[in-house]
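Engineer: Quick one: the structure is below, questions incoming.
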């Protein structure tokens, strides 16, 4: 029987051994200062209990000290045993330890709560280790570190919580836990070679963090436990732009910053170290503030393509001459705002991160927003550089500028925004009027003019990838830049004319009265001797691209006094616009009595490269060249054609010529009568090395167009061709359907009126374009110069010709195809041709026109036929011209009496072939 009881006892012990994972053992004393001294408490399944002392030995204490990471037991005084609380639980008793067990409950014992303990005292143990728990980093903030006689290490962040942090802060005299940072806000590199202690305080009423030291197998630990206690005094230096590690010392208090006064017990070296600024160099106390200079020289700078940039770029830290990017692991709007404020760059417009492979020394930066420098924000500050997977980037308000480009003045032009150091065009898509008003106001140009803006060059800069959307409360364009929601590719640039836009003009080319157009109103510049002088005259000539001024003049204002411009200017040699000159505060008494007149040394002309058609050619400043097509208008084409005497109508051009222009755009006023009087925006105003190209404007004036009827055998009958952009083009039959068009062509070539439309004869034209439309508005039009004409690339249109009333055709009869009596066919019938007046040259030409080679011989032929009245002799003659040409065509068939038709062994096209020709053959 006793043997069976022994087996049950052994089995019970083994079962307890296996359930050890839910058990905890700590040493507890009243003050909680030394976690390696005190009476033993055991927590079994979360219930507190004690250990009895039956069979107690030194080996029992060895297991206790080792399992609590407290070293080995020291000699003890039994008088230190303490009373056991009444009614308390004794979990273990009758322990028989060998001394090598990992936990006390692994010693042989009868089981949990089985053995009764009748003593009213429990053992007090003192182990050899003296544990010191501290915060490494700063006073009352940092990584939780422990040290003993033989061991140093850090507590792991696993299972680290507010209760443990609060307990530690109190034990260290640092108040309570303020925050447990979730990111790596300190240099954690040293933990890679340090011991890491896991903690587990669950179910314990611990008085010392060491009591939570894990008694399980070691787990994987990534980061150390950290805490910021309420007793931590956060510091910053303020006021020195040369280094953020020098200036007035401030501490964070009640959400703001206040000067550190003389009552602080810390030392300058500690302050410098806490701010990652090295060591103290100098410290002075002025009034109620500390002025501190630390050994490190630290600056926050922005860089673009590794060069220092102003108010935008990658965020970098310069430490003692070395440069490092700021890593962007936790980069956000608030942190970016500190950078913009620190650099006096206004508000944040945009912030993001860029991928990179450079080494940095600062990461996981978190700012409250009111720090004096990014360096003083909380974050990891490493002495040794580490790899940055992302780099912080910021765009501040002061780097964002707006201008109106390629306009005749700063208050009109194409909208361009400087963003990230580059001027970029802005798309006109979904543009709202409020945006235009904000821009005009920011440029001090009043509001935006309603209606369509003047046309300016489209430019070639890249488009801004952000959208521009202003609220009614915005005052500057940087407040309007938003992330783009459009995936479509921008096509057209936005263009604006503001209310404040005004231009200077001269009423003649490079000479005349000096006028100013402001909106729809015209004014004249005062010619008062007190304000109008040679420098002002030079400025006007330069503004009009007209060289220098000859001695300035003025004329009486007479009846134009009301229209004298009520501003006067004081110009200097470097001024290029009258409106850039210094404005005089007061006007002289004779201000309205005269009008300024100037004659400039330069000359300007505008024409076309091929007379009445071609590329627009502007000659200005001694150079000639083209103007951009996107700024050119139909009205300018009409004015140009009139200027150069090439008709009143313009036609569409198919030319595409991209090149460097001499002029990007030119702008008229209500007084412009000739394009040479325009305001010219020269391409070289943007610098001599600007590689700007654009499609050049081209114009076809109506007087460059002429018609012909091409056929060597016939006069006034044949294929119609139109001379268009320097090339004779065939005409589609649909373009010749209208009788007015037919008559206009016949009238132009002196062939009377149109009789009928003909099918096109001969091989298809190899020219790429056809005339597809001709529209003549009036029936009495005598020329195509008064018609609208369209030229397009080859389509499927059938080509056509015309027969006019004055048509005639020469024919040889009574012999072969190239010899015989000469007859003329016309609208009135067939007539014999008299020999009188014909020379060998004319006979040669006739043979050539008939495609019969040159003249071989000629003679007279007496004919009874009525002779032509249109021949060289106007008298009735009976002697008819007979010629024989050198060639005679040989017509054959590929087979006997059938097959392909060949002429001089060349196959004849089937076009226009009919049955009559077959019978003739």
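Easy rule for this one: first residue shown is 1, then count along the chain.
For all residues, glycine too, the Cβ spot is worked out from N, Cα and C.
Those TrEMBL annotations? Automatic predictions, nothing curated.
I grabbed these lines from TrEMBL:
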SIGNAL    1-18  signal peptide
DOMAIN    27-128  domain 'SRCR'
DISULFID  97-107  disulfide bond
DOMAIN    131-230  domain 'SRCR'
DOMAIN    300-397  domain 'SRCR'
DISULFID  367-377  disulfide bond
DOMAIN    402-511  domain 'SRCR'
DISULFID  470-480  disulfide bond
DOMAIN    503-601  domain 'SRCR'
DISULFID  571-581  disulfide bond
DOMAIN    598-702  domain 'SRCR'
DOMAIN    707-805  domain 'SRCR'
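How buried are the listed features, and what sits near them?
Structural biologist: In sequence order, 60, 63, 95, 96, 97, 98, 101 are the residues near residue 107 (disulfide bond), counting only same-chain partners six or more apart with C-beta under 8 A.
Secondary structure by DSSP for the domain 'SRCR' (300-397): 14 helix, 55 strand, 29 coil.
Non-local neighbourhood of residue 377 (disulfide bond): 335, 338, 365, 366, 367, 368, 371, each in the same chain, at least six residues away, with C-beta under 8 Å from its C-beta.
Other C-beta atoms found within 10 angstroms of the C-beta of residue 480 (disulfide bond) number 22, with every protein chain shown included.
Under DSSP, the residues of the domain 'SRCR' (503-601) split into helix, strand and coil as follows: 19 helix, 36 strand, 44 coil.
Remark: residue 571 (disulfide bond) has 533, 535, 536, 538, 539, 578, 581, 582 as non-local neighbours, by Cβ distance under 8 Å and separation of at least 6 in sequence.
When pLDDT is averaged over the domain 'SRCR' (598-702), the result is 92.
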Engineer: Out of 27-128, 131-230, 598-702, 707-805, what stretch is closest in contact terms to the domain 'SRCR' (402-511), meaning most Cβ pairs under 8 angstroms?
Structural biologist: 598-702
Engineer: Which has the fewest other CB atoms in a 10 Å radius around its CB: 97, 367, 470, 581, the listed disulfide-bonded residues?
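Structural biologist: It is 581 that, of the disulfide-bonded residues 97, 367, 470, 581, has the fewest other Cβ atoms within 10 Å.
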